[in-house]
Amino acid sequence: MTLVAGIDSSTQSCKVVIRDADTGALVRQGSATHPTGTSVDPDAWWDALLVAIDAAGGLDDVSAIAVAGQQHGMVTLDASGVLVRDALLWNDTRSAPAAAALLEEFGPEAMASRTGSLPVASFTATKVRWLRDAEPENAARVAAVALPHDWLTWRLLGYGPGDSPLGPDLDALVTDRSDASGTSYWTPSTGEYDLELFEAAFGRAAREATGAGSAGSADQAESLVILPRVIGPSESAGTTVAHASIPAGVVVGAGMGDNAGAGLGLDAHEGDVVISIGTSGTAFAVTSEATTDPTGVVAGFADATGAFLPLIATLNAARILTATEAILGVGHDEFARLALAAAPGAGGVALVPYFEGERTPNLPDATATFAGLTLDGSTRENIARAAVEGLICSLADGMDAVRSLGVPAHRVLLIGGAALNPAVQAVAAQVFDLPVAVPEPGEYVADGAARQAAWALGGSRPGWPVEVQATLDPDPQPVVRERYRAAQALGSIPRP
Ligand SMILES: Nc1ncnc2c1ncn2[C@@H]1O[C@H](COP(=O)(O)OP(=O)(O)O)[C@@H](O)[C@H]1O
Ligand SMILES: O=C(CO)[C@@H](O)[C@H](O)COP(=O)(O)O
């Protein structure tokens, strides 16, 4: 049996699946947790990746591997391959003023046509602008800017600082279309970096990496910043050398952003809208043509198959529920029981769930608001239900925005940690006006990476089956969105 491994290095944890390359059957899996916070030392991701691989039984019998990762995070390396500072993650909002400045400098039409998206605090370009202005000494040391999955792929191959077997060859950095499209300095419609935009954001010129072993000392002297080489969906980034607990000779795929990983892992096709409720909430679809939304609500990303991935992302998703569970002093199961015991509309209670500020809509400084509280309505059941309704309504707004671009939508595929919650499933059927398919619980991002690994190894995209656990018919309850809209219109008090 030929085995392939897929990795999901996401915000809260690292997950590894090992699958049969021919049938897609799950053979074994493992996971490890990540540190909390929005500014994180990438070495912690590498350590977690090794622990997760070990928990999955190691790679000794594995022929190929690929890494899917949380999108957008800014990983900065100096010329020796040493990390310049902690990575700023997609949910770190300190670069919101930088995003506004870049938008002002280039204008929405140009940004949308050049990058497929308007810059928000999540995107890498805004983070390098923040670095330029807030930490000029660190900015001056930067020799390469990578994304979380690019950096992990580089480490997996054997590159890195100090005693890494292949050394700090920055020209060996690779990425893929999907993750490059979340930087705000890469153009999905042409597949090229927009180096002028990078230079405008960071104040230093850049070039694309030219491949392992091709390092130009002249470029280093000119201090051009290196950006990972963008390789195609089925291309190999190389093969591993033996180091740490990684064996030699494992083919390494290009990797991808985690949402593109989920799209590939679910084998999503036109007509499917994937709604993922993990640390982030996302709603996205696979399209054959690049999209641009000059309002900036929908990001025009690329996917991991050569197509495109119009997507909205919310900063607040599964943790809306954990925050409310903490308020109520209950776990997932009791929380679901409470929420299901309340009627649609939650007795008038509504939660606008901007605990971490928000990206969709673009309100980086917003806070969450419980509204509509009355003496009769303020029950534990209604509070729990209002949290689920707030979560689903925020994603329904996002899905509407994706559909408003003319993207066909015939069914929702509901995935991510919180999709396991029966109250989430029930409210999804009441709010989304489409059938809601709930795939068998699984690690679909890691599965997408495993599919890519099999593709890089065997040369053809695997046709592994995806099992759907249940399909829920629409059960429209208009009161839910009405209460949510009324609460949204109140606005939020600023962050303390
Ligand atoms: N039954 C459940 N009900 C609500 N939330 C859940 C449930 N199971 C897991 N979660 C939440 O899902 C999140 C993890 O989801 P996951 O998709 O793995 O996240 P990530 O986006 O980091 O990959 C955690 O915040 C966890 O609390
Ligand atoms: O910012 C985005 C997408 O644009 C997020 O979806 C991140 O990619 C984080 O993903 P998770 O850790 O929630 O999977």
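Just so you know, glycine gets a Cβ as well, placed from its N, Cα and C.
Noted in TrEMBL for the protein shown:
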ACT_SITE  Asp258  active site, proton acceptor
BINDING   Gln71, His72  substrate binding site
DOMAIN    4-264  domain 'Carbohydrate kinase FGGY N-terminal'
DOMAIN    274-457  domain 'Carbohydrate kinase FGGY C-terminal'
SITE      Asp8  site 'Important for activity'
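Geometry remark: Asp258 (active site, proton acceptor) versus His72 (substrate binding site), CA distance 10 Å. Across the structure, Asp8 (site 'Important for activity') and Gln71 (substrate binding site) are spaced 11 Å apart at their Cα atoms. With the fewest other Cβ atoms inside 10 Å of its Cβ, the least crowded of the recorded positions Asp8, Asp258 in this structure is Asp8. Ranking the binding-site residues Gln71, His72 by the number of CB atoms within 10 A of their own CB puts Gln71 at the top.
Closeness to ligand 2 is met by Gln71, His72, Asp258, these being the recorded positions among Asp8, Gln71, His72, Asp258 whose Cβ falls under 6 Å from the molecule. DSSP assigns Gln71 (substrate binding site) to coil in the three-state reduction, placing it in neither a helix nor a strand.
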